[in-house]
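Below you'll find the structure, written out as structure tokens, and then a few comments.
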Amino acid sequence: MLHKASPALSLLSSGYTGGGNLFPPSRNSSNLLFSPSGSRFSVQAAKGTNTKSLTGVVFEPFEEVKKEMELVPTTPFVSLARHKFSDDSESAINDQINVEYNVSYVYHALYAYFDRDNVGLKGFAKFFNDSSLEERGHAEMFMEYQNKRGGRVKLQSILMPVSEFDHEEKGDALHAMELALSLEKLTNEKLLKLQSVGVKNNDVQLVDFVESEFLGEQVEAIKKISEYVAQLRRIGKGHGVWHFDQMLLNDEV
């Protein structure tokens, strides 16, 4: 690192004509020796110079990394990438993976129901199939993140969903959409719980991942499905359900 001479030193160097050291070294100095050379001074570091004072070093990577080097696992089955990632966070992510897969499975059952020939609501079938794929995508995002942080993905059992969604009073369309709204709110609660686990364990990276990738999107999903429920309650079980289905099919709602 190069250091420019201060103005004070420049003035002294231009007017000094004597020999020897202008500033003799002392125990409290930085051990810099000033030697005259004609009309100039040469600055040299004496033996034993304090390099921190000379270079302004505030970070010594080879010293500070020693502690981290000691923490690098040597056994073949332990993650090398894991850092500041608690067991609680790892377990909570696995739980959220299971939530996303279960919700995806219910949506897939709804898709299969509305795609039947004796139900024939293709718009609802498309909506729930897209929803199923989206939730599965969320599960895969959490799996990828788990591996990225050095955790271990542990898939859990998925409950078998019901296959009949007709409702004598509400009809199948409204009943299914109310179920979807409840699932989205439940998913939001689970995401908030996962976020709180990150906060509790001072895992700012997990908190950022949940907040930036999921929480905002979850609010949008709840709002959209809430509007669908309100509209279906207005039209009842009659001919309006078919028109609503066509709007879903053509992405007009």
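Positions of Cβ are set from backbone N, Cα and C atoms, glycine also.
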Same Fe cation 2 site per Swiss-Prot - residue from Q96, Q156, Q218, Q231 joining E135, E184: Q218
Fe cation 1 binding, same site as E135, H138 - Swiss-Prot member from E100, E168, E169: E100
Neighbour tally for E135 (Fe cation 2 binding site), based on other Cβ positions within 10 Å of its Cβ: 23
